[in-house]
Amino acid sequence: MVFYRGVSLLSKLRSRAVQQTNLSNSVRWLQVQTSSGLDLRSELQELIPEQQDRLKKLKSEHGKVQLGNITVDMVLGGMRGMTGLLWETSLLDPDEGIRFRGLSIYECQKVLPAAKPGGEPLPEGLLWLLLTGKVPSKEQVDSLSQELRSRATVPDHVYKTIDALPVTAHPMTQFATGVMALQVQSEFQKAYEKGIHKSKLWEPTYEDSMSLIAQVPLVAAYVYRRMYKNGNTIPKDDSLDYGANFAHMLGFSSSDMHELMKLYVTIHSDHEGGNVSAHTGHLVASALSDPYLSFAAALNGLAGPLHGLANQEVLLWIKSVVEECGENISKEQLKDYAWKTLKSGKVVPGFGHGVLRKTDPRYTCQREFALKHLPEDPLFQLVAKLYEVFLQFLQNLAKLNPWPNVDAHSGVLLNYYGLTEARYYTVLFGVSRALGICSQLIWDRALGLPLERPKSVTMEWLENHCKKA
Ligand SMILES: CC(C)(COP(=O)(O)OP(=O)(O)OC[C@H]1O[C@@H](n2cnc3c(N)ncnc32)[C@H](O)[C@@H]1OP(=O)(O)O)[C@@H](O)C(=O)NCCC(=O)NCCS
């Protein structure tokens, strides 16, 4: 049974926050909004006109306000630090990390409904928050879980399409292929072909997005069971919540693994708009490609080793350390091993980030989960040691941003509960990302955001421009 910790807990949190303002981990005064409607689509319908007006006002009153200067470094440096995207569902601060609609991960853990007292937030609750900016009640989360359950069927041709690939194909290739095969049922595409008015485009986007979010765990679980369990699939269990059901279909029945999956899906869902997968989804959708096409494109970006594939690489790297040096590796040995990786022109996966300049809070909450559930696990202890090694030695030695990101931790948790197939990990990330990317796609169409089309220039253009400057 779902346990709701929302409104009553909030008042407790508010008074506690006032009492504990000097404690570094105290919850700040939460200005959370709630609402009572149970139907998510109707809730959105109500919110959209006011957000459209807000955007119109911003444009007409402040459209010409400058947000910064663009330098040659920015153009050559992958657009780092260049503000150029509107992304409503989350915002990333380099020091503090991610906030989903203004709430930190810690705050989400406190205020979003959980499946059991003190448990991890239900991803459905996070989805409601991402879409509406409001903290849902237990009844609203129940209603959304039901909506997702009712959409969680996958046509047979999708499985047949995946089966056409060699079983050895990378799991992300199989997963993205499955998502492309789902596209044939796109309501958006049908509505567009019939000539839908542009003000209504968010409606079929909502239909496709919610179906896609409901379907991806089934496709992902199929890939896992096909590759690693001789194709013995496990039917969905409608008595379970989204995260638990996903873990169940993969073949994991322990309640701790179900909790981990809820945490995993929640924290991997969204990371503002500039990361490769989110930006790709948003860019492709700006051409009015439907959510299936857009999300499949996003998955292909996520499959890169500097982005989502890093979670697979971390566990493989950790296992290679253990193979060479054993589990009781000293800090000195660990430093030497990491240094050897760096000197060979490779990255140490799980460290550094395009934006973050402090420990990723997604790392911290996974560490807290590990301290609670698997404090003695040798691989967890190795991860903790690696953190110290980076801060003490490698940041000076290698002049690196030494802070760990989300991927530095996820593999050892999954491995502990028996999900040991590291090559599969990015698929879990992909399932989670559907929540964030699809939520923003609905708002992209509701706000009528235009075709994305930045200007590019040649080196010659830059050289000439600089000479004149
Ligand atoms: C994520 C990442 C691509 C960000 O790179 P970035 O935006 O260029 O970050 P920085 O500006 O701090 O990088 C400065 C330099 O350090 C290097 N660097 C950063 N993190 C590194 C790491 N973990 N291992 C080795 N080198 C690293 C970069 O490649 C860059 O090298 P260059 O100047 O030769 O191009 C990078 O940190 C990385 O490759 N990390 C490992 C992969 C990973 O964990 N990805 C998941 C991110 S959530």
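Positions of Cβ are set from backbone N, Cα and C atoms, glycine also.
Pulled from TrEMBL, these are the features on record:
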type: ACT_SITE; residues: H307; note: active site
type: ACT_SITE; residues: H353; note: active site
type: ACT_SITE; residues: D407; note: active site
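Recorded features from TrEMBL, shown on the structure.
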| residue | record | Cβ contacts under 8 Å, 6 or more apart |
| --- | --- | --- |
| H307 | active site | N275, V276, S277, G301 |
| H353 | active site | D360, N401, W403, N405 |
| D407 | active site | A310, N311, E313, V314, P349, G350 |
